[in-house]
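Novice: One structure, pasted below without further comment.
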Amino acid sequence: MDSHIYGVSKQTLFLFTLLCFSVASISALPHQNKTGNSTVTGQMINSNSVLVALLDSHYTELAELVEKALLLQTLEEAVGKHNITIFAPRNEALERQLNPEFKRFLLEPGNLKSLQTLLLFHIIPQRVGSSDWPGHKSNPTRHTTLCNDHLELITKNSGKKLVGSAALTRPNDVTRPDGVIHGIERLLVPQSVQEEFNRRRNLRSISAVLPEGAPEVDPRTHRLKKSEPPVRAGSQPVLPIYDAMSPGPSLAPAPAPGPGGPHHHFDGESQVKDFIQTLLHYGGYNEMADILVNLTSLATEMGRLVSEGYVLTVLAPNDEAMAKLTTDQLSEPGAPEQIIYYHIIPEYQTEESMYNAVRRFGKIGYDTLRLPHKVVAQEADGSVKFGSGDGSAYLFDPDIYTDGRISVQGIDGVLFP
């Protein structure tokens, strides 16, 4: 006979306790969204992440598909665990070389899983630079993609590098601490997606990607385009000069290098003088200009950094915000420098690039010259908000000065770590 506790047997009490423990354990697991990805609340991504660079790069067609496929959270989790390598088809490959029927198939709501599989097929969960390709005498290397399919990297005898069936056109096009993006000539279609497309449309003889020899119509002249002749060794660069002058796929374009710097790249001293003069003429930022010139040697240091090729974004508090600083906050040795260091981001950001980043990812952490502290930005009231609570500041006067190397964004508060 089982003994009873207040009329309940020990066996019944044990089963009830076990059931409660199981329910509590299940409730503690991360929630799953409709795409099968774990939902992580409050996650923050760095501004120099390869994902931010992808969404603001010239691979606009691919970036748009990634957003439509609801893959941002999946990719955030991937870069949180390891470096990634993205093989990005050029825009033309997605605009004109893709079969219109296949593109409609991918964008239908019922085919979201196929679109996700296709995009994840272009991503390897490890860093593979262009120097990591096998030599032409070596066997192809096989890599597992984020969709658990495989891609082979091959080097032809001619030296041409391939990813599956696509040629590598822009190696190491985007390099960031958590990944690298290579430009490729065409879309890669996994066999599973091709088969699903054929099954849905019952058109097994149609290939998803148009053959390379298919004629291409010039949208301006409405005439067939002629294939370009092969480039011979010693020929002039094929890359347009305006692309060559920009520093790769950064968040905003930069001008051509000038001859004024110590290494004949940039005249940082003149650029810093220009932006300080702009602050004075703009009005409302005299205190910030005064600290840069008179109270610190930051103007000289910023000029040296820009001359060496670095880019900077200055979050400039307006005079009303600077007037709220107390004597104690400014009297300690090195206090003005530390305050301003926290307002300088070693990246080139504009209002558009920052707002797009916070709109897509929620929170963005920007590195500052006051290491290791970061400035956290998020979307608020249709603008960009830096910091939190009483110590927060809004983007108040956007793009006061933007010359491609130095960007100045006016804010309505002074930030502290």
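The count begins at 1 with the first shown residue.
Cβ from N, Cα, C; glycine included.
According to TrEMBL:
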- 1-28: signal peptide (SIGNAL)
- 46-188: domain 'FAS1' (DOMAIN)
- 212-267: region 'Disordered' (REGION)
- 217-229: compositional bias 'Basic and acidic residues' (COMPBIAS)
- 250-260: compositional bias 'Pro residues' (COMPBIAS)
- 272-400: domain 'FAS1' (DOMAIN)
Novice: For a three-state summary based on DSSP, what are the helix, strand and coil counts in the domain 'FAS1' (272-400)?
Specialist: 61 helix, 32 strand, 36 coil
Novice: Could you tell me how many residues in the domain 'FAS1' (46-188) are helical, how many are strand and how many are coil under DSSP?
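Specialist: Per DSSP, the residues of the domain 'FAS1' (46-188) fall into 53 helix, 40 strand, 50 coil.
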Novice: On the 0 to 100 pLDDT scale, where does the domain 'FAS1' (272-400) sit on average?
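Specialist: In the predicted model, the domain 'FAS1' (272-400) has a mean pLDDT of 89.
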